[in-house]
Amino acid sequence: MVKKFKVRVNGKEYIVEVEDLQAHTQILQEKTPSNVENVKTPKVEEKTQSKPETEKIEPKKSSSGSHTINAPMSGLVLKVLISQGQNVKPGDKVVILEAMKMENEIIAEVGGTVKNVLVKEGDNVDTGQALIELE
């Protein structure tokens, strides 16, 4: 089975006739036959990107039964979404923290009543710094 292809080489266009590529191959260039050697190339495996590992920071439980919500990363406190005395449930958003130009929602891992709000909007915090105390 013969297939015809248009090929452009160095700005010049050629019409190429190709027969079965598994057999011996010849190219006719301007009616002049040229032998072609088939070269098998190794298959390159596509790299997959692995997901970055994340470290879960567990809330600290003090001896008095209260829990502390800590900053999982350093950044800027954009919003404090709760206030002292407010009841929170596990999964409630408590603080919006900006790190590397991205807003990160800090979530309460446990429920309770807000005992102390230890940061305010505009504060810079370090990794592991206490943000909220729950009881």
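Each residue, glycine too, has its Cβ placed from N, Cα and C.
According to TrEMBL, the features are:
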type: COMPBIAS; residues: 29-38; note: compositional bias 'Polar residues'
type: COMPBIAS; residues: 40-61; note: compositional bias 'Basic and acidic residues'
type: DOMAIN; residues: 52-135; note: domain 'Lipoyl-binding'
type: REGION; residues: 29-70; note: region 'Disordered'
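Per-residue pLDDT, averaged across the domain 'Lipoyl-binding' (52-135), gives 87.
According to DSSP, the domain 'Lipoyl-binding' (52-135) comprises 0 helix, 40 strand, 44 coil.
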